[in-house]
Amino acid sequence: MSDCWTLKLLFHHGTVPPETYSLLNVSPFCHCTFCCLDCTAPFAHQHLLVGPAFHHPAHRIIAFDELRTDFKNPIDQGNPARARERLKNIERICCLLRKLVVPEYSIHGLFCLMFLCAAEWVTLGLNIPLLFYHLWRYFHRPADGSEVMYDAVSIMNADILNYCQKESWCKLAFYLLSFFYYLYSMVYTLVSF
Amino acid sequence: MSAPAGSPHPAASARIPPKFGGAAASGAAASAGPGSAPHQQNGPAQNQMQVPSGYGLHHQNYVAPSGHYSQGPGKMISLPLDTQCGDYYSALYTVPTQNVTPSTANQQPGAQQMYSRGPPAPHIVGSTPGSFQGAASSASHLHTSASQPYSSFVNHYNSPAMYSANTSVASQGFPSTCGHYAMSTVSNTAYPSVSYPSLPAGDTYGQMFTSQNAPTVRPVKDNSFSGQNTAVSHPSPLPPPPSQQHHQQQSLSGYNTLTWSAPGLPSTQDNLIRNHTGSLAIVNNNPTVTDSLSCPVMQNVQSPKSSPVVSTILSGSSSTRTPPTANHPVEPVTSVTQPSELLQQKGVDSSSTTSSASPMPNSYDALEGGSYPDMLSSSASSPAPDPAHEPDPAPAPAPASAPAPALPQPSKMAKPFGYGYPALQPGYQNATAPLTSGVQPSNPVYSGFQQYPQHYPGVNQLSSSLGGLSLQSSPQPESLRPVNLTQERNVLPMTPVWAPVPNLNADLKKLNCSPDSFRCTLTNIPQTQALLNKAKLPLGLLLHPFRDLTQLPVITSNTIVRCRSCRTYINPFVSFIDQRRWKCNLCYRVNDVPEEFMYNPLTRSYGEPHKRPEVQNSTVEFIASSDYMLRPPQPAVYLFVLDVSHNAVEAGYLTILCQSLLENLDKLPGDSRTRIGFMTFDSTIHFYNLQEGLSQPQMLIVSDIDDVFLPTPDSLLVNLYESKELIKDLLNALPNMFTNTRETHSALGPALQAAFKLMSPTGGRVSVFQTQLPSLGAGLLQSREDPNQRSSTKVVQHLGPATDFYKKLALDCSGQQTAVDLFLLSSQYSDLASLACMSKYSAGCIYYYPSFHSTHNPSQAEKLQKDLKRYLTRKIGFEAVMRIRCTKGLSMHTFHGNFFVRSTDLLSLANINPDAGFAVQLSIEESLTDTSLVCFQTALLYTSSKGERRIRVHTLCLPVVNSLADVYAGVDVQAAICLLANMAVDRSISSSLSDARDALVNAVVDSLSAYGSTVSNLQHSALMAPSSLKLFPLYVLALLKQVAFYTLLSLIMYLKFSDMYMKKGNLDCCFLILN
C-alpha cells in the first residue's frame, strides 16, 4: 500500500527522478536478507543496501511537501467538508512515515554492524554519529508510546515540519555521499585483490 | 436589553480567584476556558482582565443596572446635557493643561507605571474629565467592539469637528470630548448598508447624551468589579493619606479619597484633583455614583492614542482613591444594567455584535488604550467623571478653575510610542455644529492648552508610517528608562498594567486591532532574526479571535475583497494606489478593486473605497457567501455525556447540572434547528429517546460496551423546541434516577465512541462530565500515580498521555466538526493528562474541579454553577477554521492552544468560543528592511449558532525597527509572559517540568543580560532592565510559583497543568499570577 501511494505521489509530484521508481519496488527486507548471506564484501552489500536506505529520506521529503501544500485542496482548506478529508490525509501520511522509521533505522544499524564485523573502522566512525542520532530519536519519542514520531497532531507545526524536512534532506545527502563512498571503496577493494 | 441581568457570569469569576484559592482556584480559572476571555463577554468586556474575580460576587449588582443601559438616555441622562458637556469639556481641557506639564510625574516610578491591572486602585473617585477622554479616545481607536468600528469611523470624521473648534492644538489626542461618546453610539447609523444588529439610529448628537450616559453606567459596573478586584488583588490598599487636596472631596463624600501618592505622586496630581473636585463633590452626593466612577478606571483605559496630556489627567484622577470599603455601594448597582448579560444573550446570535450596548464601546477603547501605563491610569479614572456629571452638572466648571500651573514635565514626551499625534484628522474639522456649542464653554479653559504644542514640537513630524519614535523630543522614552532592579523597590505598579501601544502614526493607531483580541509580544518588530536573537525576547502572537465584542461591523457583501495571491482580506492597512487598485499589505501584490467595493454604503457615495467599513475597521465580520461552504451550515447540536456511576452520584453534580440546564435551556445559543441529546454511562451506556410525541423520555441501555451501537439513531438528538417538555422532564428526573446505583465502573471510552457516532453526521458540541478514572472498555486508564512518589520533589512524571485513545478520538471528532468539552469533577486521581487529549485536539475546553462535592465543597459547587451558566449561554461558533497570515518575511511556527493544526497556518477548530485563546510563535525568515510595517491577520471562518457562515477578521499592524533599543522599548511584558507560559507548559510535557522551569528562568536572564550588554553606559554591577521589561523578572518569578510549575505532587501537577492549558493565550495570565 505504501509503495502504491508513493508511486502515485511521485507521479503526481513529478520532481523525483525516475531512478527512484526501481528502488521503491525493492523492499528493504530483500536487501537485508540478501546481504546477510555474505559478509565478506561488506561494501558490495552496503552499496546495494544504501539504495533503499536512501529512498526513505527522499520519500519523506516528498511526504512533507505533500503535507505542507496539501495538493488535493490547496486553496479550499477552510471548508468544513474538507476537514475530515484533510485530517485523514495527514494521519495517513504520518502513519506511512512512521512505518518507514524502523526499517530505515534497522538498515542503518545493520550497516554499522557489518562495518564492525569487517573492521572498517573509518567507515564505521562515519556512521556512528548517525547511529546515535537514530537511537536518540527513537527513544526520545512521545510518551504515549503508540507512535514513534511524526505525530499527526503536531506535525503541522511549522517548526516540527521544518525540522523533519531538514533532517530528511541531511540524511539524503549523507546517504548519497555514502553511496558513492561505498561504491568507490568496493571498486578499490576489488581492484586491490 | 439585558433583561436577564440577574444572572452572574460564572466565567468571569474564575480568573482571579484561582490564585487565592490555591489549586482549586486554579482549576476554576481553567474552567473559564482556554481563553481568558470570559469576562469580556460580559458587558464589561473591556475590563475583563482586571475584573474577573469580582464578577461572581457582584452579580446582583449587575442586574439591577440594566435598565439604564437599555434605555439609552437613562434617568441619569436626563440631566441637562448641555451643561454636562460644557463641564466635560472644561474639565477635560483644564486637566490637560495641567497634565501636560505633569507628565513627568508618570516617570516617577511608583505612580505612573502602575496601570491598572490592578484592581489595586479600585476606587478612584474618578476624575470626570478623564472618563470622557478615555471614552472618546476609545471611540477613535478601532476596536473590535462592535460599536467602535463605526463609532470610530464617525469619530474620526465627524466628531472631530467639535474638537476642531476648540482645539486645533489638542489635536493629538483629545478626541475625548463628549462628542466622542456620542459619536460612538451614533456611529452605527452611519453605515446603513452594514448590518448592525442593534443600532440605534438617531442623530449623532442627540445620541451623544446617551453615549455619555453609557460610559457612566459602565463605570458602575466596573466599580463593582473593581471593588472586588481591589480587595483581592490588593490586599493592602494604600492607606489613605490625608491629602490637602482632597479636603473637599472628603468633606463632601464620606469617602476618603486616597491619593496614589505612595509611588510618588507628581505635584501635578494635586492640580488634577482640584480640577476634579467639582466632580468629586457631585460624586459625594451620590455614593453610588462615585463608586461607579472609581470602577471605570480600570476599564476605561485610555486609548493609547490619546495624547499624553490626557493620560496625565487620568492619572490625576486616579490619584484620588476612595477606600475600598466605601467602594461598594449596593445601590448604584441597581441602576446599572449588566452589559455582560446582554452580551451573552446576544452571544447567541454569535457574531453579530450588539450594537445596542452603547456602554460597551468605551470599555473596549479602554482596553486598547491600555498600552501606556500612564495613559492607562488616566483613562481608567476618566470614566468616573461621567457619573458625576449626571448628578450635578454644575461642578464641572470648578475643575476648570483648577490651577493650570502644571509642572512641565518631560517624561510624557519621552514615551516611545507615537505620541506624536498629528494634527487633527481632516474628519475632525468637519465638526457638526451642535456639539461645538457645548464645547464652547470650555474654550477659555482651553487656552491653557496651547503650551501643549510647544512641548511636543516633534510630534507632528512623527506621523510617517513608521511613526518614528518620539525619542526626538525626549532623550529617552519612558519604556526605555533603565531601572535598576536591585535597587528599585516599588517595581510593581499599583494600577493595572496595560498593553503598550505600537508606535504607529495616529491614524494607524486608531485603526489598529484591540490588544484584547490580538496582541504581539513585541510591539516593535525587529528587522531581522539576528536582531531578535540579540534581544533574546520571545516573538509571538496572542489571539482571542472570538472574544465577545460590544460592537462589530458586520458586512454583508456579495464579494469579499481579498488579495488574489495570498487571500488576505482587505483591511485598513492596505494602500490604495489609485481608485481602482489596492496593494496587499501582506504580499504586496497589487489587486483590482471590484466594482461593488467602489460604492460606500456608509456615505452612499461612489468612488470612495477607502471609506468602506472594511477599510475603516481592523476587526470586521463578513457574512460568507455560499462559496465558503460545501454543505449547508450545521445547526447547533449539543450532546451531554454524563457520568452516573456511584462516584458521580455521590458527588452530586447532576443536580447542579440539571438545574443549570433547566434555567438556561432557552438561552442555549441556536436557532430553530437546535438539537440536543443526553447520554449517561456507568458500566453501561444509557441513551434517552426524547422524540417528540412520546409521553415521557425513554431510556435505552446498551450494555455491549465493546461494540457500541446507537439503538435509535434518529431520536437521540432531538429538536430542542419540539421536545422541550420531554427534555425538561428528563432533566427533572435525572438527578434522582441513579441515587441507588451501586455501579462503580466508568465506561467513558465507549460512551465517547457512541457520542462520536451520534454526532458525526452533523458535528457540534459534546460536553462530557466525568468523575473518576475510566475503568472499562476502550480508553481505560490505570492509575499511574505511585503513592510512594507523591512527596518526591524531583521529577513530576506522567505529564503526557498514557494512551492515544483519546487523542485519536479527538482527531476523529475534529474531522467531524465535533468538539469535546471535558468537565472533570474528581475527588481522586483521574489522569487528566490522558483525558485532556480529548479536548485538546478537538478544540474543546477543559474544566477541572478537584475534590468536587456538591455539599462538602460548596465553593467548587458554586464555581461549577457559575461556569456552567457561562458555558451554556456563551456564544459558540461551529465548524470553524482559523487562518493566520502575516507579512512576507515573517513566518509562524509552533501553535499553542486547543485545536488541530491542519496546515502550517490553518487551525481546525470544531467549536470556537469567546474564551478560547491561542498563541503562536513567530520567526523572522527574511529581513524586513524593505518595509516599515508588518501586519498580521487572523480570519476565523465559522458557522454561527444561527446557522450563518461568517468570517471574523482581525488585523494587527506593527512597526518594524532596526535598533535594539527600540525593540526593548516595545516589549509587551504581559504578552511575552503569556507566551512563555504557553511554551513552558508544552516544554514540561514534551520534556520535563524542570526543563520548563529552567527555560523560564533563562528567558529572563538572557533578555536582561542581553539588555545589559547592549546598553553601554550602565554600571555592570547593577541589574538593569528597561522600564518596559522591569516587570519581567517578577512575572516569571510569579509564574514559577504558579501551581503548574511549582507543585510537588504529580496529581496536583495535572491540575495545574490543565490550569495552564486553560490559560493558554490568556492575556490576564500574568496578572493572575501576580496575585
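Even glycines carry a Cβ here, placed using N, Cα and C.
A TrEMBL annotation is a machine prediction, not a hand-curated record.
Not measured: the values here are computed from a predicted model.
Over in TrEMBL, the protein carries these features:
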- B:1-14: compositional bias 'Low complexity' (COMPBIAS)
- B:1-67: region 'Disordered' (REGION)
- B:21-38: compositional bias 'Low complexity' (COMPBIAS)
- B:39-51: compositional bias 'Polar residues' (COMPBIAS)
- B:214-262: region 'Disordered' (REGION)
- B:223-232: compositional bias 'Polar residues' (COMPBIAS)
- B:244-253: compositional bias 'Low complexity' (COMPBIAS)
- B:298-325: compositional bias 'Polar residues' (COMPBIAS)
- B:298-413: region 'Disordered' (REGION)
- B:334-349: compositional bias 'Polar residues' (COMPBIAS)
- B:393-408: compositional bias 'Pro residues' (COMPBIAS)
- B:560-596: domain 'Zinc finger Sec23/Sec24-type' (DOMAIN)
- B:633-872: domain 'Sec23/Sec24 trunk' (DOMAIN)
- B:877-961: domain 'Sec23/Sec24 beta-sandwich' (DOMAIN)
- B:972-1045: domain 'Sec23/Sec24 helical' (DOMAIN)
- B:1032-1055: transmembrane segment (TRANSMEM)
The domain 'Zinc finger Sec23/Sec24-type' (B:560-596) in contact with the domain 'Sec23/Sec24 helical' (B:972-1045), cutoff 8 A, at least 3 CB pairs, sep 6+: no
Helix-strand-coil residue split for the domain 'Sec23/Sec24 helical' (B:972-1045), DSSP-based: 56 helix, 3 strand, 15 coil
Secondary structure content, the domain 'Sec23/Sec24 beta-sandwich' (B:877-961) (per DSSP, counts of residues): 0 helix, 60 strand, 25 coil
DSSP-derived helix, strand and coil totals, residue by residue, for the domain 'Zinc finger Sec23/Sec24-type' (B:560-596): 2 helix, 12 strand, 23 coil
Local confidence of the prediction over the domain 'Sec23/Sec24 beta-sandwich' (B:877-961), expressed as mean pLDDT: 89
